[in-house]
Amino acid sequence: MLIATTAQMKELDRAAIEEWKIPSTELMERAAEGVAQAVLKELKERPGKSAASVFCGTGNNGGDGIAAARLLARSGMQVRAFLVGSYEKMTEDAKEMTRRLSDAGVNLEQWRPDAELYQFVRRSQVIVDALFGVGLSRPIQDPALTALIERINRSEALVVSADIASGVEADTGRILGTAVRADRTITFTMPKIGHFAGDGKLCTGRLQVWDIGIPSELVRQGTYLTQSIDADYVRGVLPRRKPDGHKGTFGKAYLLAGSVGYTGAPVLAARAAARTGCGLVTLGVPESIYAIAAGKCEEPMPYPLPDTKGQFSKKALQGVLERASGSDAVLIGPGVGRASEAAWLMRTLLDQLGVPVVLDADGINALEGHIDVLDRRKGKVTVLTPHDGEFARIGGDLSSGDRVDAAREFARRHGCYLVLKGHATVVVSPAGTALINTTGNSGMAKGGSGDVLAGMLVSLLAQGAGPMAAAGAAVWLHGRAGDLAAQALTEYAMTPQDMIGRIPAAFQSIRI
Ligand SMILES: NC(=O)C1=CN([C@@H]2O[C@H](COP(=O)(O)OP(=O)(O)OC[C@H]3O[C@@H](n4cnc5c(N)ncnc54)[C@H](O)[C@@H]3O)[C@@H](O)[C@H]2O)[C@@H](O)CC1
Ligand SMILES: [K+]
């Protein structure tokens, strides 16, 4: 799904209102309809005469809540709407919705933390969170508001947020002070980064995008730099398989991986590469572990390279170049170790190889203090797959808490593609486009999981996918395989090996 910034949302709203003459109150009514319908649909599954507490801020997000309160009251629910803030600060549209609410026989009540109100909130089946939307501009600090949000988060009611969970910064996914943890979020027109990225993802619950009547001509005019990765995206970018293709057609992947102590990483990466569709997988490993790797490889083709003390030595260079330069994509790094000769080898390969390179794990660590090697590759395709620690080691700055922006800044500066791994993995291009993944679970946070991803990624690159497509599809399929493994085996017991076994089912789930 394409993702809009708050500036783009404001511009869409402005153009709809000023140029298309759509009254802003009409947009607000449509937004409220989305929220009310989501609540009613949910309650169908929980029969009984239900009560709802609707918390409204003073901005237009509050206006959405006030209008939704009227629609819910009309449907027969017992509704109380609370204004959190002062009436004087309310926007004109929110005030208009307050009049409409009172015409319907419900008064907007000033929220105060007293026992009677809390009792009503406690027996509500539903809480509507319309405190802040995309207009949240500073951290929530007011103690009464913070206490209210904590109350909402402790309650057993179904929490439905209008547009975005209040407290989440729409353009980053950061939590500003504190935030509502919603079960459902109904967002308007287009999703925002905060629904998918960082802690915002945890606060969003199930996301639904609701059309509030902004003309599609206006929406289509925008240039959206960020999108979430879903099955449709992956289906659209996977390299097509030629019916008359042979193994050369589907690409040769070359992997440089492993060391004494890390015999699993090369095998996991190579198996994952073979499972993801490329024609040939060649695996260069230190000769000390060759016998072990060879014993575990069937489709991938392992071969030994000179090593010293169990890690690649400088003497391996020629042997790597001979095979790697003729391949379609190269993966460097899983389990290679950090000895100086191995690190030198990886940097020298980066300098000398012209083919697309995925740099993972110790391949990334080898750039610590040598980032100029990456800069020299500008113009060639380099995809880095760091987790936060590796990212920091090579100069990435996550201190702002804005992961998408931090990744973008790094990719732009160094002319590379970046897969910043984590709870919601972010993929960025040097041109500033970004993808945010939607699959995956905590069962994947185990040693070896990254090796599987790196193998999948180099396999897709070798098949001819562009770097963004290959990285986007790899992270989604990897997360999907992880979700399927968790379903069958639990997040506790699943292993990266189990994920490789579910790569086929991950492909099947996008119905290619
Ligand atoms: N025409 C439009 O613009 C539409 C807007 N809609 C809704 O309007 C929302 C945006 O409305 P607004 O721009 O009025 O913004 P919000 O309603 O999100 O919040 C802005 C208000 O909160 C205050 N505020 C910001 N941060 C605060 C903090 N930390 N502590 C206390 N107060 C704080 C601001 O001073 C302002 O009064 C959207 O998210 C959406 O829900 C929808 O009604 C659809 C149409
Ligand atoms: K909200």
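Glycine residues also receive a Cβ, built from the backbone N, Cα and C atoms like all the rest.
TrEMBL annotates Lys421, Gly422, His423, Ala424, Thr425 as AMP-binding residues; of Gly396, Gly448, Gly450, the candidate listed for that same site is Gly450.
The annotation in TrEMBL ties Asn61, Asp129 to K(+), and of the candidates under consideration, Ser24, Ser166, Ser216, Ser228, the one tied to the same site is Ser166. Highlighted here are the binding-site residues (Asn61, Ser137, Ser166, Gly450) whose C-beta falls below 6 Å from ligand 2: Asn61, Ser166, in sequence order.
Binding of AMP is attributed in the record to Lys421, Gly422, His423, Ala424, Thr425, Gly450, and the widest Cα separation among these residues amounts to 14 Å. A helical conformation is recorded for Asn61 (K(+) binding site) in the three-state DSSP classification. All protein chains included, Asp163 ((6S)-NADPHX binding site) registers 30 other Cβ atoms within 10 Å of its own Cβ. Note: the CA-CA distance between Asp129 (K(+) binding site) and Asp163 ((6S)-NADPHX binding site) rounds to 9 Å. Just so you know, of the binding-site residues Asn61, Ser137, Ser166, Thr425, the Cβ with the fewest other Cβ atoms around it within 10 Å is the one at Ser137.
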